[in-house]
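Working notes for the structure below.
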Amino acid sequence: MSTVPTSATPVARRRPAPAAGGRGSVRRVSALARAELQLLVRNRTALFNALALPPMTVGLFATIGGIGDEAAATTGAVLLNLLTFMALAFVVYYNLTVAFVARREELVLKRYLVGECSRAEILTGTAVPAVAVALAQTVLGIVAVSVFLEPPAFVNPLLMVVAVLGGALMLTVLAGATSGLSRTVESAQLTTLPLLIVAIPFAGLFGGPGATTGVLGTIGTFTPLRPITDLMLLGAGGLDGEGQVLSFAETFGAAVVPVAVLAAWTALGVLACRRWMRWEPRR
């Protein structure tokens, strides 16, 4: 007797098995990233902000005389840190939070899960374009600072890479966690405020290196966004938390605490993302 199922025979739907090996994962992440990148390219305003904002910002500060009374090279490091920080905080964290909420409410995330993609692959694929924009803004910022101002000393470029990539990873998982607390795209504008409003004043962005001291400086050291600033300033200008210029070897010692804090917040972000991120609309 034939065992071919008919319409009267219920057949359980199974999720397709993911392709074996890392190559299949890379293929799926690349496909998701291309789809997100196409949406970004179609948004002319976002594309303009990504490509034109860093040179325009540097040109503006060069015209009005830089930041504070620091030397030109120090001003370049401070300005480059500001550009990178804003790119990570808003392009990665804020935009990704909104994107995760929008994709969830449109049932896009649910459709992805029904397919071959794992949750980690969905997060990565969605985040790649935002991280690429942040990297592009950092590179354009370096070029603009070198053209309009005296280029920073770039004492330890490795720490700059850790700041950008590590910060992007941390803010991606925090964006996933925050999206789970956001019912709508509009409410994401509110749920992202605690991190942005509370953490930015402690991030050491304003007043130059060494401006935040005492108890506030100690508290700020352990806030999520401060490691990005500390590592960028150490890498770009060799500047520690007190504004002292360090050598290449000394920057590694000064980077231990920021790297540890960044790793700790990333781990907390992963746990929060697993706990709170939602993959389909609330009922």
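Using N, Cα and C of the backbone, Cβ positions are placed for all residues, glycine too.
Just so you know, TrEMBL annotations never went through curation; they're auto-generated.
If you check TrEMBL, you get these features:
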type: COMPBIAS; residues: 1-11; note: compositional bias 'Low complexity'
type: DOMAIN; residues: 29-232; note: domain 'ABC-2 type transporter transmembrane'
type: REGION; residues: 1-23; note: region 'Disordered'
type: TRANSMEM; residues: 46-67; note: transmembrane segment
type: TRANSMEM; residues: 79-102; note: transmembrane segment
type: TRANSMEM; residues: 122-148; note: transmembrane segment
type: TRANSMEM; residues: 154-178; note: transmembrane segment
type: TRANSMEM; residues: 190-208; note: transmembrane segment
type: TRANSMEM; residues: 252-273; note: transmembrane segment
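Among the listed stretches 79-102, 122-148, 154-178, 190-208, the one sharing the most Cβ pairs under 8 Å with the transmembrane segment (252-273) is 154-178.
Count of Cβ pairs under 8 Å against the transmembrane segment (122-148): among 79-102, 154-178, 190-208, the largest is for 79-102.
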